[in-house]
Every structure is written in C-alpha cells, then in structure tokens.
Amino acid sequence: MKFSSIILLTLLICSMSIFGNCQIETNKKCQGGSCASVCRRVIGVAAGKCINGRCVCYP
C-alpha cells in the first residue's frame, strides 16, 4: 500500500510539472533491453528505457 501511494504521489507531482519531463527510476536492473513489462507493472504504461542499467519509466 505504501509503495502504491508513493507512485501515485509521484505521478501527481509529475502531472503538475511545468516542464513535463517526469520520469520514474525503478530499482529493476536491465541491459539495453526493453523495460516495457517493468513499466507496465509499476505505473501501468509501457513507456520506458534502460538507462545506466536501471529501468526508467515515463508516464
């Protein structure tokens, strides 16, 4: 429950951002592959990439 509320709060803050450059860095490791399944599970959207060995999701 706490994890879900953190994600919702992050999305709320990101949606209010003037610049709209919001990204959510996960603790899931990756190697140049797609992070779509991780992002779909974390934020419900399949937009993400592998940056510095971690999945970064974009709402």
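In case you wondered, yes, glycine gets a Cβ from its N, Cα and C as well.
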Whichever of C14, C55 is disulfide-bonded to C35 when Swiss-Prot is consulted = C55
Inquiry  = Need the cross-check against Swiss-Prot: the disulphide partner of C50, picked from C22, C30, C39.
reply    = C30
Request  = Identify which of C14, C57 is listed by Swiss-Prot as the disulfide partner of C39.
outcome  = C57
Ask   = Over all shown protein chains, what is the count of other CB atoms within 10 A of the CB belonging to Q23 (pyrrolidone carboxylic acid)?
value = 14
Inquiry  = Around C50 (disulfide bond), which of the listed recorded positions (Q23, C35, R40, R41, Y58) come within 10 Å, judging by Cα atoms?
reply    = C35
Task = Could you measure between C55 (disulfide bond) and Q23 (pyrrolidone carboxylic acid) for me? Cα positions, answer in whole angstrom.
result = 10
Inquiry  = Please identify, among the recorded positions R41, K49, C57, Y58, the one with the smallest Cα-Cα distance to C35 (disulfide bond).
reply    = K49
Remark   = recorded positions Q23, C30, Y58 vs C39 (disulfide bond), shortest C-alpha separation belongs to Y58
